[in-house]
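As given in TrEMBL:
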{"type": "TRANSMEM", "residues": "40-60", "note": "transmembrane segment"}
{"type": "DOMAIN", "residues": "42-535", "note": "domain 'Amino acid permease/ SLC12A'"}
{"type": "TRANSMEM", "residues": "72-99", "note": "transmembrane segment"}
{"type": "TRANSMEM", "residues": "120-144", "note": "transmembrane segment"}
{"type": "TRANSMEM", "residues": "164-187", "note": "transmembrane segment"}
{"type": "TRANSMEM", "residues": "194-214", "note": "transmembrane segment"}
{"type": "TRANSMEM", "residues": "263-285", "note": "transmembrane segment"}
{"type": "TRANSMEM", "residues": "297-319", "note": "transmembrane segment"}
{"type": "TRANSMEM", "residues": "339-357", "note": "transmembrane segment"}
{"type": "TRANSMEM", "residues": "417-439", "note": "transmembrane segment"}
{"type": "TRANSMEM", "residues": "451-471", "note": "transmembrane segment"}
{"type": "DOMAIN", "residues": "547-634", "note": "domain 'SLC12A transporter C-terminal'"}
{"type": "REGION", "residues": "646-678", "note": "region 'Disordered'"}
{"type": "REGION", "residues": "842-864", "note": "region 'Disordered'"}
{"type": "COMPBIAS", "residues": "846-855", "note": "compositional bias 'Gly residues'"}
Amino acid sequence: MASESSPLLAYRLLGEEGVALPANGAGGPGGASARKLSTFLGVVVPTVLSMFSIVVFMRIGFVVGHAGLLQALAMLLVAYFILALTVLSVCAIATNGAVRGGGAYFMISRTLGPEVGGSIGLMFYLANVCGCAVYVLGLVEAVLDVFGADATGPNGLRVLPQGYGWNLLYGSLLLGLVGGVCTLGAGLYARASFLTFLLVSGSLASVLVSFVAVGPRDIPLTPRPGPNGSSLPTQVGHFTGFNSSTLKANLAAGYALDYTTGAMMTFASVFAVLFNGCTGIMAGANMSGELKDPSRAIPLGTIIAVGYTFFIYALLFFLSSFTCDRTLLQQDYGFFRAISLWPPLVLIGVYATSLSASMSSLIGASRILHALAQDDLFGVILAPAKVVSRGGNPWGAVLYSWGLVQLVLLAGKLNTLAAVVTVFYLVAYAAVDLSCLSLEWASAPNFRPTFNLFSWHTCLLGVASCLLMMFLISPGAAGGSLLLMALLSALLTARGGPSSWGYVSQALLFHQVRKYLLRLDVRKEHVKFWRPQLLLLVGNPRGALPLLRLANQLKKGGLYVLGHVTLGDLDFLPSDPVQPQYGAWLSLVDRAQVKAFVDLTLSPSVRQGAQHLLRISGLGGMKPNTLVLGFYDDAPPQDHFLTDPAFSEPADGTREGGGPALSTLFPPPRAPGSPRALSPQDYVATMADALKMNKNVVLARACGALPPERLTRGFGGTSQPHHVDVWPLNLLRPQGGPGYVDVCGLFLLQMATILGMVPAWHSARLRIFLCSGPQEAPGAAEGRLRALLSQLRIRAEVQEVVWGEGAGTRELEEEGDFQNGGRGDAEAEALACSANALVRAQQGRSRGGGPGGPEGGDEEGGPATALTFLYLPRPPADPARYPRYLAQLEILSRDLGPTLLIHGVTPVTCTDL
């Protein structure tokens, strides 16, 4: 069987003709045969019965009597307008692909993802469970109103004992009948629903005929209790027949006290009661797993059911307003019995609608639960709901739901839950509208519903109207439902769910990112808003994990790309070896907790691959402006996967879930002395290429010596503070000019300042070394540097260092540049050694004479140097001098601990507002 991501057309064409998809995508016995309900029996009948419920018999007088005909029709139009918006969204989603079991849950989860879909699906399931209990208890109360020992009506038979225990017994017996029908399968449910539909239709027909056939009559009303236990005088309602005076009196609103609750009615309270009874539009969609053709049956059947119920409600409103005075409407909500040609037929209709609504809720709940169990979102707690019969009937989910309804029945009176049930329904409806809205806004080419009578305006209006109705019906329940949805979503997010369904959020992000990338104009770049955009070239991440995390800190809200070059030529390979590697690199990004993109390429050499990545990485205005490389030295590679807690794997080398361990997806580090993929010549040439492309260059050395807490987000400021040293002068050309004010020097200051903005480096103190010659006046250059730092808003400690201090050689005062000047190898090496000694001397002072690196002691209580920023000289123009250049860099940065050698070519600082 095809997976969720398989092309629909492919497996339909290749499958057997006439074989339907199994419910919810589950295999097993009877998966195909379970789909046998037609549009009428599977959608129209249950939707009509759910939208009628008991309201059509017991609340018509309540609505018209209090609101009047005009406002009642306005309420009906508004309620059905809100429902119609959701129906349009349901129709659009249902005609866009194969709809499996689960109805609304399936539509929401496959669009918004398992986290939102699972949380709303569970709430929708609970709403159906509680709704079933409400309908069962409503049926019990309706029966006891006539047959109960405490019946107050004039025609009560008073043969059934009453009380909490008896009511629970009656409810349990009725629930057993409902559960038995649903357990035996959708076929028996459809036949029972059809029988109920015939009974309800016959009862409504008798009521409609009675409005015409029955003559005017006076109807004594049940005496109402008064204050202090007394009884109010008996009132009489009048059935006038068709009378224009009666209609005129019933046109306007006349809100009064509700005789059942004693509360004063308002437009909102009456509208909430009407809307509560009309929210069964998903009854047919919940049967999606049993429908022969759900993509056709759900939209067609739902629209027919909505149109039919609207017509019946409107007709009853008109007839009641023409024939019944306001006293009868307001004081006897069940007046249909009093005017009926045969009152028992009205009772049959009341009982039938309640019974059908409870059956619809129970079987709908079981299908939602079965879909949730099949998707395994909530683990073993829903495992029993996966059980199906040989015919494909999920009887395990039915029994599971039946047990929960029985527990809810123990609570007895459930009037307070009625509002919660309606709010949960509205949450699901809003989620369906949101799903359709997301698909429409994402503009995905595969969203091509055959039902076109919708737009993003209807979807957005549907979401807003559902949310408005939630708070209108019960603000407390609405707020609580949204909080519950958020908690369930967080739980499912933490637990993890299937990722093969597709996330509309990704399509929306793509749509929005593309739009804004087109608006990100490189011609409008300004130095005020410059930020680092790094391309880190990684050979093997097992040895570069500390550098990978340090670069993540250096980016500070900018672009960060991990680049890797696979050596090879596609002409001599059967397939592209790069594509299968993306999964491992993306897992690396997730496990290392860095915010980076991944770009991989295939090239005959690393240098050519680096050129490709420098040119084509990024998109539009988001392209790397800085190349980061690990330092080229003879240090033996380390395997940081073995020591980093985030990469610890089980002993068998597999992750939970059976996938290969991340450590097995990357080769082990290069053995000491083994050949390298990159020669020293190509390494320096890569740096030169980047500078020619106007990219800044960063070389990182000894990053593995950084303490782990410096590379994590959770590092606090309670540990011993450290220094970040910045040497903004070209130490290999000491008399080349005021290095701290050129572009490269300012770039060093900017990068060091950016690093200090990262929480893990807040406790580090920025220290800038100003180098001056022995003949210069002390303090003059320092004053100029402090003024510059003040203009750049950089807080740092400035230390002036005299050339020759800590070096002891006179080469520091000589003119020339080792890479382009006339120095010999010995002189250049001596200059590099002197510069290295100068830097180490300053580090030693801060550590009380300890060894180089941040692990040195703190014998005098001064902060150690955590990281050193050095000026990186430009590579020589002659490629033959590349090895000598690299050797001088190695000497310059030897034993300095974690060091960044940086050469900047673009202006990055600004003193303007």
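Every residue, even glycine, has its Cβ placed from backbone N, Cα and C.
Taking residue pairs at least 6 apart in sequence, the transmembrane segment (339-357) and the transmembrane segment (40-60) share three or more C-beta contacts under 8 angstroms. Using a cut-off of 8 Å between Cβ atoms, the transmembrane segment (297-319) and the transmembrane segment (417-439) share fewer than three residue pairs, counting only pairs 6 or more apart in sequence. Mapped onto DSSP classes, the domain 'SLC12A transporter C-terminal' (547-634) shows 37 helix, 22 strand, 29 coil. Panel annotation: around the transmembrane segment (194-214), residues 41, 45, 48-49, 52, 56-57, 239, 241, 312, 315-316, 319, 322-323, 336, 339-342, 345-346, 348-350, 352-353, 355-356, 359 of the same chain, lying at least six beyond its termini, place a Cβ under 8 Å from a Cβ of the stretch. With a cut-off of 8 Å between Cβ atoms, the residues of this chain six or more beyond the transmembrane segment (72-99) that come close are 8, 21, 63-64, 106-107, 111, 267, 270-271, 274-275, 278-279, 281-282, 285, 288, 294-296, 298-299, 302-303, 306, 310, 313-314, 317, 321, 429, 432-433, 435-437, 439, 447-451, 453-454, 458-459, 461-462, 465-466, 469. For the transmembrane segment (451-471), the list of distant contacts is 81-82, 85-86, 88-89, 91-92, 94-95, 275, 299, 423, 426-427, 429-430, 433-434, 436-437, 440-441, 477-479, 481: same-chain residues at least six beyond its ends, Cβ to Cβ under 8 Å.
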